[in-house]
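Record features (Swiss-Prot):
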type	residues	note
TRANSMEM	3-23	transmembrane segment
TRANSMEM	47-67	transmembrane segment
TRANSMEM	90-110	transmembrane segment
TRANSMEM	120-140	transmembrane segment
TRANSMEM	148-168	transmembrane segment
TRANSMEM	186-206	transmembrane segment
TRANSMEM	217-237	transmembrane segment
TRANSMEM	249-269	transmembrane segment
Amino acid sequence: MDIILWLQAVILGLVQGMTEFLPISSTAHLILFSDLLGWKSIWHKTALDAMQFGSVIAVLGYFWQDIHQIVQGSWQAWQRRDWQREEWKLLLGITVGTIPALAAGLLLKLAKVELDRPQIIATMAIAMAILLGLAEQWGSRKRTYQDIGILDGFLVGCGQMIALLPGASRSGSTLAAALALGLERPTAARFSFLLGIPTLTIATLVQAKDVFDEGTLLIPLVIATLSSMVFSYLAIAWLLQFLQRHSTWVFIWYRIGLGSALWGAIALGSLQS
């Protein structure tokens, strides 16, 4: 039984890590993957929370130099009253952009709204594909880090708010918003990741109690977290490299195919609410 749990932990961590930071929705894949394999026990729900730790550690580790530079540069800007400094504008953009998702997430939690339904996942998979396609088609892709300001942070943060709907994808919604605002692809992806750090970290801390309550399954939870951390790091590195030379159309078509397949499965009764 232990070996089976450990294997499940590795697989779930792989799915979480490879989909959390790609614009294809980790929540959708984890929910559907668990549903198809019959992994819907309390342990698996706890594992989903634990794996967020792995993703947070990965993104913090990958962007540690960026974070250090933003904090240091912002402190220097504060001392010199240099409000046009790049790091200061980035910090303000990230701070303001974090507010919409946190506010919406708090409201959903207080209202105890359940959104993890196959119909919502399938709909959002296709809807976000359309939005990402429009952003890819019409975005100018000329703006860089130097051009990012508070308004950009707020608007991309509103995109992050959409990711509260399963199937939308935090990476997909923020990437679409950033591209629509004219940011070049690598800059859009990098800003998307940096903007997600506060939200992911806070959400993970909120879920921490559920993880630590599951003390009897500590080893599988640690394995799932480590697996998620490794594959999250690899996914971040791969996506940033990929977007240096390619568009997001491969993800757009993937989402359309995924959403269509899900609706087919729902129609056939393979996926239940």
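Cβ atoms here come from the backbone N, Cα and C positions, even for glycine.
As the structure is a computational prediction, the values presented were derived from the model and not from experiment.
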Annotated stretches the transmembrane segment (217-237) and the transmembrane segment (148-168) touching (3 or more Cβ pairs under 8 Å):
no
Using a Cβ-Cβ cut-off of under 8 Å, list the residues of the same chain that are 6+ residues beyond the ends of the transmembrane segment (148-168) and lie near it.
25, 27-28, 31, 89-90, 92-101, 104-105, 108, 115-117, 120-125, 127-128, 174, 176-178, 181, 183, 187, 191-192, 195-196, 199, 259
With a cut-off of 8 Å between Cβ atoms, can you find at least three pairs linking the transmembrane segment (47-67) to the transmembrane segment (90-110)? Only pairs 6 or more residues apart in sequence count.
no
Residues sitting near the transmembrane segment (3-23): Cβ under 8 Å, six or more positions beyond its termini, same chain?
29-30, 33-34, 39, 43-44, 47-48, 51-52, 54-55, 58-59, 128, 132, 169, 171-172, 175-176, 193, 217, 219-221, 223-236, 239, 248, 251, 255
